[in-house]
Amino acid sequence: MKKQVDLRSLTIKELEELVVELSEKRFRGKQIFEWIYKGIEDIEEMTNISKKFRNKLKEVSYLKNMDILKVLKSKNDGNRKYLFLLKDGNVIESVLMRYKYGNSVCVSTQVGCKMGCSFCASTIDGMVRNLTAGEIIGQILSISKDIGEKISNVVLMGSGEPLDNYDEVLKFLEIINHPSGLNISMRNITLSTCGIVPKILDLAERKLQLTLAISLHAPNDEIRNKIMPINKVYNMDKLLKACKKYIKITNRRITFEYSLIKGVNDKIEHAFELSRRLKGMLCHVNLIPLNEIKEKNYTTSNQDRVIEFQKILKEKGINATIRREIGSDIDAACGQLRKNYIDKIK
Ligand SMILES: C[S@@+](CC[C@H](N)C(=O)[O-])C[C@H]1O[C@@H](n2cnc3c(N)ncnc32)[C@H](O)[C@@H]1O
Ligand code: SF4
């Protein structure tokens, strides 16, 4: 029997091709696309399509591609953390963040991650597989259905390295941006990467209006090599050169993420060194107090140091903000909820 296709993984063009293959009129493809992004989870609900064709569609495809396993609701801020069960038994997590300007979902792009950053829970058990575009979209659709509200912003900052799953991530972006679907503006999307230089350069050429965030977390190669193994492949010179090129081509400001780890990358001299490296770039530094994970004995910098670090960057002309902690009562460290769940069933 032929493998069923995940309708959430298809662009309008691919849906049109599918319906034509099933001897239906091309315009049915767009109708199906619109149904998917109205948030239905059952092909039966596509009421402007004949029963006969719905049955045919059900034979070759499916719509719902994940189930909610667990929802953790923060008592502090209305944010939620979701654990999803995929069709093949893998488990992934996503986060809903509620802001004044709308709802934002932080999606995972891989099951686990192979990049090995020393402070990150997502990578402890390695990478199992890439997620499909439909599985990345499924996280947004499932959360939107669960809360009965629209999602206006998306950040690719859950488990996984988006640029290591480049084709599916590009497809995901194309689908959620489509006006007949979720219509999420590129300007409301942030893609975060540990720094895969060739893909950053490729992305630049596509001139998408999204925000590129770079997980920098160090002012020099010595520290970055220790905490982010990708730096041994693309060192800071190569990475920052690619960032400058990205800015030149897209004219978009880059965000540098910098998690402050006590005694590792949070010294006063590091703030000065970082400001020298970033001088003159159209950029913004997001200082993030480290989310401590039980598997590592890193600790987060104290509040005074975070503020001092920011002050130095600002004095040196580097735009810097401190990210507020999100749902610290709901296991906020990325990958931690999934890891705890897997450890429990093991
Ligand atoms: C989980 S990653 C996913 C996206 C991509 N792989 C990356 O590294 O940018 C999203 C962000 O979370 C950060 N992060 C991971 N573990 C963290 C922790 N324990 N505390 C604070 N930030 C963390 C990463 O460095 C990155 O900036
Ligand atoms: S920080 Fe990003 S790249 Fe590094 S291990 Fe975690 S998910 Fe992977």
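Backbone N, Cα and C define each Cβ position, glycine as well.
Any TrEMBL annotation is an automated prediction that lacks curation.
As annotated by TrEMBL, active site, proton acceptor applies to E93. Look at E93 (active site, proton acceptor): DSSP puts it in a strand.
Annotation source TrEMBL lists active site, S-methylcysteine intermediate at C334.
Annotation comment: TrEMBL describes C113, C117, C120 as [4Fe-4S] cluster binding site. In the three-state DSSP reading, C120 ([4Fe-4S] cluster binding site) counts as coil.
According to TrEMBL, the feature S-adenosyl-L-methionine binding site maps to G160, E161, S192, S215, L216, H217, N291. Cβ neighbour count for L216 (S-adenosyl-L-methionine binding site) (all protein chains, 10 Å cutoff from its Cβ): 28. Under the DSSP three-state reduction, L216 (S-adenosyl-L-methionine binding site) is assigned to coil, being neither helix nor strand.
Along the domain 'Radical SAM core' (99-329), the predicted structure has mean pLDDT 96. The domain 'Radical SAM core' feature in TrEMBL is assigned to 99-329.
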Here the recorded positions are E93, C113, C117, and the Cα closest to that of H217 (S-adenosyl-L-methionine binding site) is found at C117
Distance filter, Cβ under 6 Å of ligand 1; input recorded positions E93, E161, L216; output E161
Sequence-ordered recorded positions within 10 Å (Cα) of E161 (S-adenosyl-L-methionine binding site), taken from E93, C113, C117, C120, are C113
Cβ-Cβ distance under 8 Å, sequence separation of 6 or more, same chain as S192 (S-adenosyl-L-methionine binding site); the residues meeting this, in order, are V155, L156, M157, P162, A213, I214, S215, E257
One residue among the binding-site residues S215, N291 has the fewest other C-beta atoms within 10 A of its C-beta, namely N291
